[in-house]
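If you look up TrEMBL, you'll see C81 marked as active site, nucleophile. Positions annotated as active site, charge relay system by TrEMBL: H173, E175. As annotated by TrEMBL, L-glutamine binding site applies to G49, E50, S51, R108, I137, R138.
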Amino acid sequence: MDKLKIGVLAMQGAFVEHEQMLQSLGCDTVQVRKVEHLADLDGLIIPGGESTTIGKLLVDFGLAESVQERAQQGMPVWGTCAGLILMAKEIAGSEQYRLGLMDITAVRNAFGRQVDSFEVPLAIDEVSSEPYPAIFIRAPFIEKAGPSVKILAEHNGKVVMARQGSFLASAFHPELTQDCRIHAYFMDIVRESRQKA
Ligand code: GLN
């Protein structure tokens, strides 16, 4: 089987770190800035950054609809932090642009100003039996999720990771650790979806 080719939306935010992690796992990567870059991707990551900015650039660069189209045709998409916000159908108290791929409501900057960023060992049974070192930076959480959404992790009673089919959302930043387990998990989703196609 050919190598997987995974795109990382490269408008703003932590995209290089995602690429490095994917490459360390043997993946080919593409920095996605134009519609052409989506053409032969097996999967896509929407990185952390500033969700209003990334959303605006998605629209300005004419990428928003093409990403939605590819996703609806079955391309796996994983949003981290700001990316989670862009994956959501609803964003509490905000009309900002979102891709709306997952039946979830995201709350922005949900852990309060006092604890802007922090790291916790997070239990994610679906990914691994050992906790994952999750780094949260002005992170969102998932306030509501529809019946077809599977909750994968919670922190302090707040949902911080979920999956709906081949769409994945995490409120933290796996690309800022040395721990590849979640990238490997996403690659499994991408591999499965390629086998089905
Ligand atoms: N607070 C940012 C937002 O609402 C997300 C932060 C991040 O991606 N680290 O868009």
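Indices start at 1 and increase along the chain as displayed.
Here the Cβ of each residue, glycine as well, is placed from N, Cα and C on the backbone.
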Original post:
If H, G and I count as helix, E and B as strand, and all else as coil, what does DSSP give for S51 (L-glutamine binding site)?
Top reply: helix
Original post:
Do you know offhand how many angstrom separate S51 (L-glutamine binding site) and H173 (active site, charge relay system) by C-alpha?
Top reply: 14
Subject >> Which same-chain residues, if any, lie at least 6 apart from C81 (active site, nucleophile) yet have Cβ under 8 Å of it >> reply: P47, G48, G49, F136, I137, R138, A139, P140, S170, A171, F172, H173
Original post:
When you measure from the Cβ of E50 (L-glutamine binding site), which residues in the chain that are at least 6 apart have a Cβ under 8 Å away?
Top reply: Q12, G13, A82
Original post:
How many Å lie between the Cα of R108 (L-glutamine binding site) and the Cα of E175 (active site, charge relay system)?
Top reply: 20
**OP:** Go through the recorded positions S51, C81, R108, R138, E175 and pull out the ones with a Cβ less than 6 angstroms from some atom of ligand 1.
**Re:** S51, C81, R108, R138
Subject >> Chain-mates of G49, E50, S51, R108, I137, R138 with C-beta within 8 Å of site centroid, L-glutamine >> reply: G13, G48, C81, A82, I85, N109, A139, P140
Subject >> Other CB atoms, at most 10 A from the CB of R138 (L-glutamine binding site) >> reply: 17
Original post:
Can you name the residues of this chain that are 6 or more positions from E175 (active site, charge relay system) yet have a C-beta less than 8 Å from its C-beta?
Top reply: A14, E17, H18, Q20, M21, P47, G48, T80, H183
Subject >> Max pairwise CA distance, angstrom, over record-listed L-glutamine binders G49, E50, S51, R108, I137, R138 >> reply: 13
Subject >> R108 (L-glutamine binding site): secondary structure state under DSSP, collapsed to three categories >> reply: coil
